[in-house]
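If you look up Swiss-Prot, you'll see GLU133 marked as active site, proton donor/acceptor. According to Swiss-Prot, the feature dCTP binding site maps to LYS107, SER108, THR109, TYR110, ALA111, ARG112, GLN152, TYR166, GLN176.
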Amino acid sequence: MGLKSDAWIRKMSHEKAMIVPFAEEQVGRGVVSYGVSSYGYDIRVGDEFKIFTNIGGTVVDPKNFDEKNVVDFKGDVCIVPPNSFALARTIEYFNMPDNVLAICLGKSTYARCGIIVNVTPFEPGFKGHITIEISNTTPLPAKIYANEGIAQVLFIEGDEPCEVTYADKKGKYQAQEGITLPRILK
(Lines of atoms letter the chains of each structure in order from A and count residues from 1; the text may use other names and numbers.)
(Lines give C-alpha, C1' and ligand atoms only; values in the text may rest on other atoms or scores of the structure.)
Protein backbone atom coordinates (compact mmCIF):
# COMPACT_ATOMS: atom_id res chain seq x y z
CA MET A 1 0.00 0.00 0.00
CA GLY A 2 1.09 3.61 -0.37
CA LEU A 3 3.60 5.21 -2.73
CA LYS A 4 5.17 2.67 -5.11
CA SER A 5 8.92 2.22 -5.72
CA ASP A 6 11.04 1.84 -8.85
CA ALA A 7 11.05 -1.97 -8.40
CA TRP A 8 7.22 -2.08 -8.36
CA ILE A 9 6.94 0.28 -11.36
CA ARG A 10 9.43 -1.86 -13.31
CA LYS A 11 7.60 -5.10 -12.38
CA MET A 12 4.16 -3.74 -13.33
CA SER A 13 5.47 -2.37 -16.61
CA HIS A 14 7.08 -5.69 -17.57
CA GLU A 15 4.33 -8.01 -16.31
CA LYS A 16 1.18 -5.92 -16.85
CA ALA A 17 2.25 -3.41 -19.56
CA MET A 18 1.41 -0.55 -17.19
CA ILE A 19 3.70 1.84 -19.13
CA VAL A 20 4.41 1.29 -22.86
CA PRO A 21 7.07 2.07 -24.02
CA PHE A 22 8.97 1.81 -20.74
CA ALA A 23 12.40 3.38 -20.09
CA GLU A 24 14.23 1.04 -17.69
CA GLU A 25 16.46 3.72 -16.19
CA GLN A 26 16.54 7.47 -15.75
CA VAL A 27 17.84 9.00 -19.00
CA GLY A 28 19.21 12.46 -18.36
CA ARG A 29 22.41 13.37 -20.22
CA GLY A 30 21.79 16.22 -22.66
CA VAL A 31 17.99 15.94 -22.38
CA VAL A 32 15.23 16.82 -19.94
CA SER A 33 15.28 13.57 -17.95
CA TYR A 34 12.77 10.75 -18.36
CA GLY A 35 12.31 7.14 -17.29
CA VAL A 36 12.00 5.30 -14.01
CA SER A 37 13.12 7.11 -10.86
CA SER A 38 13.19 6.13 -7.17
CA TYR A 39 9.47 6.54 -6.51
CA GLY A 40 8.04 7.58 -9.85
CA TYR A 41 8.29 7.64 -13.60
CA ASP A 42 9.23 10.69 -15.66
CA ILE A 43 7.01 10.77 -18.74
CA ARG A 44 7.98 12.12 -22.16
CA VAL A 45 6.05 14.56 -24.29
CA GLY A 46 5.33 13.59 -27.89
CA ASP A 47 6.03 15.72 -30.95
CA GLU A 48 2.45 16.85 -31.63
CA PHE A 49 1.03 19.95 -29.96
CA LYS A 50 -2.12 22.04 -29.98
CA ILE A 51 -1.16 25.64 -29.25
CA PHE A 52 -3.81 28.10 -28.10
CA THR A 53 -4.22 31.12 -30.35
CA ASN A 54 -6.39 34.21 -30.49
CA ILE A 55 -6.85 34.02 -34.27
CA GLY A 56 -10.48 32.92 -34.03
CA GLY A 57 -11.32 35.57 -31.45
CA THR A 58 -13.58 33.17 -29.57
CA VAL A 59 -13.99 32.47 -25.88
CA VAL A 60 -12.57 29.25 -24.41
CA ASP A 61 -15.59 27.24 -23.28
CA PRO A 62 -14.93 23.79 -21.78
CA LYS A 63 -18.57 22.79 -22.40
CA ASN A 64 -18.48 23.81 -26.06
CA PHE A 65 -14.84 23.86 -27.12
CA ASP A 66 -14.10 25.50 -30.47
CA GLU A 67 -11.18 23.85 -32.29
CA LYS A 68 -10.41 27.24 -33.86
CA ASN A 69 -8.90 28.14 -30.46
CA VAL A 70 -5.85 25.96 -31.23
CA VAL A 71 -3.36 25.47 -34.04
CA ASP A 72 -1.71 22.12 -34.65
CA PHE A 73 2.07 21.85 -34.59
CA LYS A 74 4.38 18.88 -35.10
CA GLY A 75 8.11 19.07 -34.48
CA ASP A 76 11.09 18.45 -32.21
CA VAL A 77 10.73 21.81 -30.41
CA CYS A 78 7.42 23.55 -29.71
CA ILE A 79 7.50 27.27 -28.96
CA VAL A 80 4.70 28.19 -26.57
CA PRO A 81 3.95 31.92 -26.94
CA PRO A 82 4.26 34.26 -23.93
CA ASN A 83 1.46 33.86 -21.38
CA SER A 84 -0.07 31.14 -23.52
CA PHE A 85 -0.95 27.49 -23.32
CA ALA A 86 -0.49 24.27 -25.28
CA LEU A 87 -1.76 20.72 -25.16
CA ALA A 88 0.37 17.68 -25.93
CA ARG A 89 0.35 13.97 -25.17
CA THR A 90 2.68 11.47 -23.62
CA ILE A 91 4.74 9.08 -25.69
CA GLU A 92 3.84 6.46 -23.09
CA TYR A 93 0.51 4.61 -23.10
CA PHE A 94 -0.78 3.75 -19.61
CA ASN A 95 -2.74 0.72 -18.40
CA MET A 96 -3.60 1.60 -14.81
CA PRO A 97 -4.25 -1.23 -12.35
CA ASP A 98 -7.70 -1.23 -10.75
CA ASN A 99 -6.29 -0.45 -7.28
CA VAL A 100 -3.78 2.28 -8.20
CA LEU A 101 -4.15 6.04 -8.67
CA ALA A 102 -1.38 8.05 -10.33
CA ILE A 103 -0.66 11.71 -9.67
CA CYS A 104 1.42 13.72 -12.10
CA LEU A 105 3.62 16.70 -11.19
CA GLY A 106 5.61 19.02 -13.43
CA LYS A 107 9.39 18.69 -13.65
CA SER A 108 11.50 21.29 -11.87
CA THR A 109 13.58 21.90 -15.02
CA TYR A 110 10.53 23.42 -16.71
CA ALA A 111 9.01 24.94 -13.55
CA ARG A 112 12.20 26.95 -12.98
CA CYS A 113 11.64 28.47 -16.43
CA GLY A 114 8.05 29.51 -15.64
CA ILE A 115 6.54 26.58 -17.53
CA ILE A 116 3.82 24.86 -15.54
CA VAL A 117 2.65 21.36 -16.45
CA ASN A 118 -0.74 20.13 -15.30
CA VAL A 119 -2.15 16.65 -15.70
CA THR A 120 -5.20 15.37 -13.86
CA PRO A 121 -4.92 12.09 -11.90
CA PHE A 122 -4.80 8.78 -13.77
CA GLU A 123 -7.72 6.93 -12.23
CA PRO A 124 -7.77 3.20 -11.44
CA GLY A 125 -8.65 1.28 -14.61
CA PHE A 126 -7.69 4.13 -16.98
CA LYS A 127 -6.07 3.17 -20.26
CA GLY A 128 -4.63 5.54 -22.84
CA HIS A 129 -2.15 8.25 -23.66
CA ILE A 130 -2.14 11.17 -21.26
CA THR A 131 -3.09 14.63 -22.50
CA ILE A 132 -0.65 17.14 -21.03
CA GLU A 133 -1.53 20.78 -20.30
CA ILE A 134 1.43 23.18 -20.60
CA SER A 135 1.26 26.83 -19.44
CA ASN A 136 3.92 29.39 -20.27
CA THR A 137 3.56 31.89 -17.42
CA THR A 138 6.42 34.09 -18.65
CA PRO A 139 6.36 37.19 -20.88
CA LEU A 140 8.79 35.35 -23.23
CA PRO A 141 8.37 32.50 -25.72
CA ALA A 142 9.20 29.11 -24.17
CA LYS A 143 10.62 25.93 -25.71
CA ILE A 144 9.20 22.48 -25.05
CA TYR A 145 11.42 19.62 -26.22
CA ALA A 146 9.57 16.71 -27.83
CA ASN A 147 10.59 13.16 -26.93
CA GLU A 148 12.08 14.34 -23.61
CA GLY A 149 10.82 14.47 -20.02
CA ILE A 150 7.91 16.77 -19.12
CA ALA A 151 6.48 15.54 -15.79
CA GLN A 152 6.79 12.88 -13.08
CA VAL A 153 4.10 10.32 -12.28
CA LEU A 154 3.70 8.97 -8.74
CA PHE A 155 1.78 5.71 -8.24
CA ILE A 156 -0.31 5.24 -5.09
CA GLU A 157 -1.84 1.87 -4.26
CA GLY A 158 -5.17 1.97 -2.44
CA ASP A 159 -5.67 0.12 0.83
CA GLU A 160 -8.86 -1.43 -0.54
CA PRO A 161 -10.36 -1.84 -4.02
CA CYS A 162 -12.48 1.03 -5.29
CA GLU A 163 -16.12 0.24 -6.02
CA VAL A 164 -16.08 1.67 -9.56
CA THR A 165 -13.00 2.04 -11.77
CA TYR A 166 -12.60 4.53 -14.62
CA ALA A 167 -13.11 1.61 -17.03
CA ASP A 168 -16.29 0.52 -15.19
CA LYS A 169 -17.85 3.97 -15.54
CA LYS A 170 -16.75 4.18 -19.18
CA GLY A 171 -14.82 7.40 -18.56
CA LYS A 172 -15.00 9.91 -21.41
CA TYR A 173 -11.23 9.87 -21.98
CA GLN A 174 -10.82 6.08 -21.75
CA ALA A 175 -8.46 4.64 -24.43
CA GLN A 176 -7.65 8.11 -25.76
CA GLU A 177 -4.96 8.30 -28.41
CA GLY A 178 -3.33 11.51 -29.50
CA ILE A 179 -4.19 14.86 -27.95
CA THR A 180 -7.77 14.87 -26.70
CA LEU A 181 -9.66 18.16 -26.46
CA PRO A 182 -12.26 18.79 -23.73
CA ARG A 183 -15.34 16.56 -23.86
CA ILE A 184 -18.72 16.87 -22.18
CA LEU A 185 -20.97 13.81 -22.21
CA LYS A 186 -24.46 14.51 -23.48
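Including glycine, each Cβ sits where the backbone N, Cα and C put it.
Distance from the CA of the residue listed as 'active site, proton donor/acceptor' to the CA of GLN152 (dCTP binding site) is 14 Å. For GLN176 (dCTP binding site), the same-chain residues lying six or more positions away in sequence with a CB closer than 8 A to its CB are GLY128, HIS129, THR131.
ALA111 (dCTP binding site) sits 13 Å from GLU133 (active site, proton donor/acceptor), counting Cα to Cα. A gap of 13 Å separates the Cα atoms of LYS107 (dCTP binding site) and GLU133 (active site, proton donor/acceptor). Residue annotation for dCTP gives LYS107, SER108, THR109, TYR110, ALA111, ARG112, GLN152, TYR166, GLN176. The furthest Cα pair among them is separated by 33 Å.
The two recorded residues, GLU133 (active site, proton donor/acceptor) and THR109 (dCTP binding site), have Cα atoms 16 Å apart. The secondary structure of ALA111 (dCTP binding site), as reduced to three states from DSSP, is helical.
Within the same chain, residues at least six positions away from THR109 (dCTP binding site) with a Cβ under 8 Å of its Cβ are VAL32, SER33, GLY149.
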